Amino acid sequence: MSEPIRVLVTGAAGQIAYSLLYSIGNGSVFGKDQPIILVLLDITPMMGVLDGVLMELQDCALPLLKDVIATDKEEIAFKDLDVAILVGSMPRRDGMERKDLLKANVKIFKCQGAALDKYAKKSVKVIVVGNPANTNCLTASKSAPSIPKENFSCLTRLDHNRAKAQIALKLGVTSDDVKNVIIWGNHSSTQYPDVNHAKVKLQAKEVGVYEAVKDDSWLKGEFITTVQQRGAAVIKARKLSSAMSAAKAICDHVRDIWFGTPEGEFVSMGIISDGNSYGVPDDLLYSFPVTIKDKTWKIVEGLPINDFSREKMDLTAKELAEEKETAFEFLSSA
């Protein structure tokens with residue numbers, strides 16, 4: 001057995017965490033021979049609920065869980081971390097402007113970035129889930145100058161998985177048969193789900209998605225809006241936001257960081273845009289296609305971008321630049 005790793009989940013009393021913690025504890029994310037010390041952080045009013053989650057994790061009797069720590073204190077939560085999964089954020093309330101939401105979250109992620117900087121290992125991998133995820137991730141990274149910015153990523157894997165699933169449903173295959181879809185940009189309704197480079201396995205051979213679907217207007221229209229608005233559709237139907245699918249996407253994202261991506265496949269995650277070859281301005285936290293090896297991501301370079309894609313990629317970059325500007329105004333005054 002290897003040494004235990006310390007894994008933090010914030011917002012640990014919430015519903016995404018409730019769907020996520022069992023998978024982390026049972027070895028589905030870090031492997032079946034990796035012991036874990038699981039740290040659960042939430043705000044003080046949630047400590048009663050968190051106690052219940054702690055009891056349930058104990059009652060799961062998971063052999064890999066060496067210890068579970070529930071706390072509302074950052075100095076305990078962020079100490080010596082190997083992995084931080086930042087799920088907790090201020091949710092958008094009725095009548096709340098996006099700007100107000102940004103302001104509330106800048107405060108949270110500035111504090112958590114500073115706590116990572118002060119207490120966590122410098123090699124910590126930080127995954128931001130709480131929305132607005134891209135800008136929250138950038139805020140945390142800026143507030144943790146001693147941790148390499150490449151160690152920060154935000155979740156767009158849920159969008160990626162949604163795009164895969166839509167193509168699979170359209171063609172009557174399993175999601176597993178679809179690979180190399182891309183989510184460009186922001187985890188918001190301006191994101192651009194791109195299948196120009198995606199492949200699908202049909203009758204044992206790989207075919208381009210455009211060739212397989214044979215319906216360009218669907219791929220350039222309804223497919224894109226369905227993926228962009230899927231989160232809202234789930235809320236409308238379930239009266240709660242996506243939790244099971246979000247937790248599954250977090251597992252996929254973190255497992256790929258830990259073990260790497262399969263040969264010939266790439267995945268989507270929000271990462272720092274510095275030095276990309278796709279004309280996205282530097283210093284944005286933007287979702288790109290990446291391959292991962294030795295816990296290090298690399299942007300997939302050299303994919304041809306048509307005019308349709310260019311316009312959509314620029315639009316979501318513009319939104320991210322505006323979010324960043326608003327967030328940084330708050331950051332300097334926070």
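Numbers run from 1 along the shown chain.
A Cβ is built for glycine as well, from the same backbone N, Cα and C atoms used for every other residue.
Per Swiss-Prot, these features apply:
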{"type": "ACT_SITE", "residues": "H187", "note": "active site, proton acceptor"}
{"type": "BINDING", "residues": "G11, A12, A13, G14, Q15, I16, A17, D42, N105, Q112, V129, G130, N131", "note": "NAD(+) binding site"}
{"type": "BINDING", "residues": "R92, R98, N131, R162", "note": "substrate binding site"}
{"type": "MOD_RES", "residues": "S2", "note": "N-acetylserine"}
{"type": "MOD_RES", "residues": "K110", "note": "N6-succinyllysine"}
{"type": "MOD_RES", "residues": "K118", "note": "N6-acetyllysine"}
{"type": "MOD_RES", "residues": "K121", "note": "N6-acetyllysine"}
{"type": "MOD_RES", "residues": "S217", "note": "phosphoserine"}
{"type": "MOD_RES", "residues": "R230", "note": "omega-N-methylarginine"}
{"type": "MOD_RES", "residues": "S241", "note": "phosphoserine"}
{"type": "MOD_RES", "residues": "K298", "note": "N6-succinyllysine"}
{"type": "MOD_RES", "residues": "K298", "note": "N6-acetyllysine"}
{"type": "MOD_RES", "residues": "K318", "note": "N6-succinyllysine"}
{"type": "MOD_RES", "residues": "S332", "note": "phosphoserine"}
{"type": "MOD_RES", "residues": "S333", "note": "phosphoserine"}
Recorded NAD(+) binding residues, G11, A12, A13, G14, Q15, I16, A17, D42, N105, Q112, V129, G130, N131 - maximal Cα separation rounded to whole Å: 20
Secondary structure of K298 (N6-succinyllysine) (DSSP, helix/strand/coil): strand
In three-state DSSP terms, the structure that A13 (NAD(+) binding site) belongs to: coil
Which recorded positions sit within 10 Å of R162 (substrate binding site) - Cα, from A13, A17, V129, H187, R230, K318: R230
Local Cβ density at Q15 (NAD(+) binding site) - other Cβ atoms counted within 10 Å: 16
Reduced DSSP assignment, R92 (substrate binding site): coil
Pairwise Cα distance for S2 (N-acetylserine)/A17 (NAD(+) binding site) [Å, integer]: 25
Spatial neighbour of R230 (omega-N-methylarginine) that is closest, considering only the recorded positions Q15, A17, R98, K110, N131 and their CA atoms: N131
Recorded positions compared (R92, R98, K110) - highest count of Cβ atoms within 10 Å: K110
Candidate recorded positions R98, K110, K298, pick with smallest Cα gap to N131 (NAD(+) binding site): R98
Sparsest-packed among the binding-site residues, when each Cβ's other Cβ atoms within 10 Å are tallied, from A13, A17, V129: A13
Greatest inter-residue Cα distance in Å for the substrate-binding set R92, R98, N131, R162: 24
